[in-house]
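Copied from TrEMBL, the annotated features are:
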- 42-68: transmembrane segment (TRANSMEM)
- 80-99: transmembrane segment (TRANSMEM)
- 119-141: transmembrane segment (TRANSMEM)
- 153-171: transmembrane segment (TRANSMEM)
- 228-248: transmembrane segment (TRANSMEM)
- 310-326: transmembrane segment (TRANSMEM)
- 332-350: transmembrane segment (TRANSMEM)
- 362-383: transmembrane segment (TRANSMEM)
- 419-436: transmembrane segment (TRANSMEM)
- 457-475: transmembrane segment (TRANSMEM)
Amino acid sequence: MLFSSLVFLFLFLPAVLAVYYLALRKHRQAQNIFLLLASLGFYAWGEPWFVLVLLLSIGANWAFGLLMDRVRADRIRSRWVISAMLLFNLTIIFIFKYLMFTLDNLNRLFGLSIEVARIALPIGISFFTFQAISYVLDIYYERGKVQRNPLNVGLYIVFFPQLIAGPIIRYETVAEQIMGRRESFADFSHGVTRFLYGLSKKILLANNFALLADNAFNMLRWDGLSAAYAWMGILAYAFQIYFDFSGYSDMAIGLGKMFGFHFPENFSYPYISRSISEFWRRWHISLGSWFREYVYIPLGGRRVGSRRRLLINLFIVWGLTGLWHGANWTFISWGLLYFVLIAVEKLFSFEKRVIPLADRSLLVSILTRSYTLLMVLFGWVLFRAESIADAFKYLKIMLFLSDAPAYNLTAVMDLKENAVFFFFGVLFSMPVARWLSARFDARFEDRLGGRWSPADLRGPITLLALFVISMAYLVKGAYNPFIYFNF
């Protein structure tokens, strides 16, 4: 079930909110049980059989959590529990997500003919598996208390707002909220606002950019892609994936607030970054936080005695980051590209040496932002392409290293038709709109003596307009899948 579907917006969500607040208002445990059942139903709407995978994950990790709580003081036994827990969770994700990829590569490499039935990928398996791992590890690190009730563990792992595309919620950030959260009208109102903004980002921006990006990569197959269209296509994809994923995160965070949960932010204007390291502090923040807390820091992080060890740690983290996104050499190469870029930045102390200059010089600031955005765009080519060969073919066209024309009539026409989307893409992927709104409100508040703010009227009108336009797109059957459902 999609957040941006009519059945979710007008049937599932209103029904869940009504039962939660009207029938179970003063019964926290009953509310949690209901939310767990609703979340399982939400998942079963599209993939009923894979609910069994969720139940298996809940039961096993609840048991691992109890066992970890008992043996935590014993270093050896607790590490055995961690090993068993990781083996269980990673085996599940390997079977569904990486088994066919592994067999295909073994067959190709050694001339074998091992064949097994193709296995469908449970939606969001990478997200809920990482949350399950976080639950047990945070008990080990004493960052959160063990849940004796398996239903509470289930709610943490499969709560429907962040079940299938994140944000990845580390257990320590919500451990106290499972039983101790407090709902308020202010939170509910802010949650509705956040949800509607995310919905409009997805439907009005991401879906329209998706059509342009898909056209570019489809042209690659029949050699109809020009350099201009290649650049336009990858810019469109950069906007598509940002508004698609950040829009989903906005909706998830907003839904969480409607039920009293406060989830961490997942994006912070990543395309204004002045370094690759900064980009990853702003992009998919919850994934970066997960790898930092559970992989990079346990490996020693930057506090290692040699550059060699630092490079090994970075290689492991970014290799796993690429692999987490999918069983394809394009994703692995994408992760390794960031390993190289971040390793270079750390080895040469880029942020310590260059960023202070960028703070003082507009030219240096422009250059660092341009460099970062260019590297990110090259990375998105690898991420979007179906194969390494296609990625390099696309890059060659972008860099005028092929026989493809510099531009053609199709590029000019599509740019004219989509110019308004690029305008709004730039406006809302950077803090420009927020800055303009703040300046506008401040000027009028001064004139009105602080008695009234334009935001009091502009906000509701804007939300209503966005909702109506979004519904119009949905009713006519607009392009609608979320990119990160595949991970």
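Cβ from N, Cα, C; glycine included.
Just going by CB pairs under 8 A, the stretch in 119-141, 153-171, 228-248, 419-436 that sits most against the transmembrane segment (362-383) is 228-248. Cβ atoms under 8 Å from those of the transmembrane segment (119-141) belong to residues 43, 46-47, 50, 53-54, 57-58, 61, 64-65, 68-69, 72, 78, 81-82, 85-86, 89-90, 92-93, 95-97, 99-100, 153, 156-158, 162-166, 168-172, 175, 290, 294, 324-325, 485-487 of the same chain, restricted to positions at least 6 beyond its ends. Packing against the transmembrane segment (419-436) from elsewhere in the chain are residues 201, 205, 208-209, 212, 235-236, 239, 242-243, 269, 271-272: each is 6 or more residues past its ends and has a CB under 8 Å from a CB in it. Within its own chain, the transmembrane segment (153-171) is flanked in space by residues 32, 35-36, 38-40, 42-43, 54-55, 57-58, 61-62, 65, 123-124, 127-128, 130-132, 134-135, 137-139, 143-144, 147, 178, 245, 248-249, 251-253, 255-256, 259, 261, 263-266, 284-287, 289-290, 293, 482, 484-485, 487, which lie at least six positions past its ends and keep a Cβ under 8 Å from the stretch.
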